[in-house]
Amino acid sequence: MSSRAETPRVPFLDLKAAYEELRAETDAAIARVLDSGRYLLGPELEGFEAEFAAYCETDHAVGVNSGMDALQLALRGLGIGPGDEVIVPSHTYIASWLAVSATGATPVPVEPHEDHPTLDPLLVEKAITPRTRALLPVHLYGHPADMDALRELADRHGLHIVEDAAQAHGARYRGRRIGAGSSVAAFSFYPGKNLGCFGDGGAVVTGDPELAERLRMLRNYGSRQKYSHETKGTNSRLDEMQAAVLRIRLAHLDSWNGRRSALAAEYLSGLAGLPGIGLPVTAPDTDPVWHLFTVRTERRDELRSHLDARGIDTLTHYPVPVHLSPAYAGEAPPEGSLPRAESFARQVLSLPIGPHLERPQALRVIDAVREWAERVDQA
């Protein structure tokens, strides 16, 4: 038996290391909640909502149970429902569509840019109909969408914008954070997000006090006051434990995003010019937060197998376009109708990235990708 220690795998994301870095603060915050005996709609949630709103450079944050609930409640708060249409990206996680469907409205898919994973405004305008009530851009992979162009379209056609910022905590567009200046933006605090908790969680941010008040009612059974129900709400409350954890992590978010950006720069430099590998593009006037570092190649499955054999974990975001998911069979456009989304689904591969990925691990990823690309080029 060999005495040489086996080389550890490069994890896609190390959630345990994130906890270990802040263990003392986190354990103290959890103990504080347990000792308080207050587990819902208490001071931790109030504190987090105020701090997250300030971080997003806006006035109000409303904590809810998940990112999808954040989207759904934002749409409901704007009065969107049956008979309405909402323009969504064809290339996104299915939650962006499901939130629209949950209101009774119809998601209308529009393609992304050919070289950037966010909505193409030139195609958005062609999809607007008299039934369109809102645009739902997704800041996918941590890259801000072209908000100026989308706002101009929304203003001209009298539409709402609901931003899906589930992957974009701290990202900036024209110097302002995502959520600043928007009518409403929805965030997820799923554990793997740039700002994640220890389970599910989400929040809606807005500068509109009336919308914020409606959202607070909707998340709490349609009630402002116990047993007085003004509308048909739901149960979607960010609990005190998760809020306490998020307050700790929010203070470290910019630092952790900075680590992600440094790793992305390492990847962009080390993988530049490789044949058959498309690298992510940063749009002008944007500061992405690199929730994911996603490359594109027509031989994606081969590259993924090669990296797996080299002890490197990867993921695919996302392998099945939403319009081809069985969940939308008979409702969404048929195969071949959204070629850009289908191209992304066929080609994308996300490499390990996160605030606790060490530089030597990133260099190991680069070496393995280069090895594969050069071998394929010579074949």
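Even glycines carry a Cβ here, placed using N, Cα and C.
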* To do: According to Swiss-Prot, Gly67, Gln167, Ser188, Phe189, Tyr190, Pro191, Gly192, Lys193, Tyr221, Asn235, Ser236, Arg237, Tyr318 bind pyridoxal 5'-phosphate; identify which of Tyr173, Tyr227 is listed for that same site.
  => Tyr227
* Rounded distance in angstrom between the Cα atoms of Arg237 (pyridoxal 5'-phosphate binding site) and Lys193 (N6-(pyridoxal phosphate)lysine) -> 19
* Would you mind checking how many other C-beta atoms are within 10 angstroms of the C-beta on Lys193 (N6-(pyridoxal phosphate)lysine)? => 20
* Residue among binding-site residues Gly67, Tyr221, Asn235 with Cα closest to the Cα of Lys193 (N6-(pyridoxal phosphate)lysine) -> Gly67
* Structure fact -> Pairwise CA distances across Gly67, Gln167, Ser188, Phe189, Tyr190, Pro191, Gly192, Lys193, Tyr221, Tyr227, Asn235, Ser236, Arg237, Tyr318 (listed as binding pyridoxal 5'-phosphate) top out, in Å, at 43
* So for Gly67 (pyridoxal 5'-phosphate binding site), how many other CB atoms are inside 10 Å of its CB? -> 27
* Asked: Does anything in the same chain, at least 6 positions from Tyr221 (pyridoxal 5'-phosphate binding site), have a Cβ under 8 Å from its Cβ, and if so what?
  -> His229, Gly233, Thr234, Asn235
* Structure fact -> DSSP says Arg237 (pyridoxal 5'-phosphate binding site), in three-state terms, is coil
